[in-house]
Every structure is written in C-alpha cells, then in structure tokens.
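S.K.: My questions will all concern the structure given below.
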Amino acid sequence: MFLLFLLFVVSQVGLLVFSPKFKDLILFRWYYQHIYYPLFTDYTRYRWKYWLVPGFYACILIFCVHLFYNKLNDTVNPYLYSLEKAFIPITIAFTSLTGVASVFVKPLGLQAGPQFQPDYIIFHPSAVCQTCKTIKVPRSKHCPICERCIPLHDHHCIWINNCVGYGNYEYFYSFLLSNCLLLTYASLRLLTLFRITAFKKDKFFLSLFLLTTAFSLIAIVFTYYQLKLVNDGMTNNEQDKWYLVQEYMRNGNLVKDMDGVLYYRSMSTDAQTAEPIFYSTNLYDHSKYHLINPAKILSHEEIINLYDRGSFLDNLKERIHLLD
C-alpha cells in the first residue's frame, strides 16, 4: 500500500512539473487542461483550492492542541509552573482569534484607505487598473483572487486566503507574532523535558516536538521577513517594483533627466537618429523618450523611497487602521 501511495505521489509530481512544458503532447494535454491549468493558472476555477493551505494549517494547530491536552496533559502537566498553565490556553485562544480575524476581516476599499502621493518612480499619477478600469491609488494593487484593488497592498497570503492590506494588517501581524510565541514556547519547553527518560520514547511527545519546532521556524522566518519590510518602508508588492528599479541601476541603464525624473535605457536605438531610446519607470507608459544629457544613477542612495517614514514604528503606525 505504501509503495502504491509513493508511486502516486511521484507520478503527480512528475505530471505537475512536465505538463506545462509538454502540454501539446497527448500524454500531458488532458492533465494540463483539467488539473494543472485550473489549479495553478486560472484564478476563477476551483476556488475551493484557496482554502487547502488554511485548512491544512488549522488542522496542524488543532492536532497539536489535541496531542497536548488529550495525549500528554497527564504526563507533562506536573512539570509545568502555574503561570504556564494559564499562559498556554490564553495563547492558544489568542492565536485562534487572530487567525480567524486574519481570514475573515477584509482590507478596506480604495476610498477608505490612505491616499498616498505618487513618487514618480514605482507609482505614477493617472495609472488605470487594467481590470477595475479605475484610477490606481499609489501603493494599491489589484488582486485577481479577491477580484478588487487593495489599498496599501502587501500580498495575498495563502495561509489565510486573504489579501493583507490596509484594514487588516493589525490582525495579520498579531496572528504571526502569536504563532511565533506559541510554537517557539512549545518547542523550547518540550526540549527541556527531553531530559526525562519517560518522554524520550513517547511517540506523541516526539510528534508534538517535531511539529512545533518545524512550524515555529517557518513562522519566525516569515515574521522576520514581514517586519523587515515594515522597517524598510515598503510592502511585499513594492519590494518587487523596487527590485526592478535596482536591476536597471545595476545594469547601468537607470538615468534621470534634468528635472530628476527617472527613466531606463532600452537596448535598442532609434532607427533614424541612432540615439538611445528611454522608457519611463511607469510600467503603464509605453512611450519612447529621447533625453538630452541624462545623468546615470550609480547608487541606491540617489533613489529616495518617499514612503519610508524613517523608523520602524512610524512605518508600522501607517499600516494600522485602528490607530488612524
């Protein structure tokens, strides 16, 4: 039975990897059209798929709570301090509540969100959302899964099947931090109990230790990444845009005109004048520009992030709707 299961898993991995590349072949065509494309490419089909990861993580947390209270409580409880006995259920409840809030509290609408000024680098005025056909507010982004534009958009999180944006940052960050606290505490506390011989061969104890350790590491890494973005004064969505600008600079193609407006140099030249062609950093502007004596940008210090308020706390306050 195990070999059949292993064969099934390997075959599915192979089909997932190769079906996009060989989708014109009969062997892979059906799988690509009915499995790969609707699951991984088409946002509108099989929308239940977006609940698989949140459901999986909820099951992991529920299973860990089950192991602790139903399988290990009688043996572990005598070694816990009174403060710990109160801390554990409170932290579990807080993690659960912030998780539910992160899933079901949606970001606010564009008009209710903060109205940022364009920086003329990664956000430009009068840009129109190609899906909503409305003016794009700086720092917003259209989410094809949520099917609307999100103010101060960070990313669509697969762990909560919800966009993280202005209006639910406070719940999302609380959920991340509570996971870090609960899982790290559980992992370290169980580690201290390994000295007791009775626990070393207990399969439930080992299972709980491995699960809490693995997911605490995942939670810590992801939380660190999110808080670093806050410290840098950017969102996950903006980081991708800044990376593109930095890439232009590293390749020596980022320039500014006499007014300080940024452009990037194309590899092609004008067919008539043989002069280099420049494009705006505005991805919605496909016009060709001819610049006179443009200055090359040589350092990231020459590029100012208008949205960085200068400190972690100031950047964080800007995202918290409840503090507005």
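Positions of Cβ are set from backbone N, Cα and C atoms, glycine also.
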S.K.: Do the topological domain labels in Swiss-Prot for Tyr79 and Phe199 match, putting them on the same side of the membrane?
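M.R.: According to Swiss-Prot, which assigns topological domains, Tyr79 and Phe199 fall on the same side of the membrane.
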S.K.: What else in the chain is close to the topological domain 'Cytoplasmic' (23-49), if you only count residues 6 or more beyond its ends and a Cβ gap under 8 Å?
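M.R.: Distant Cβ neighbours of the topological domain 'Cytoplasmic' (23-49) are 15-16, 144-145.
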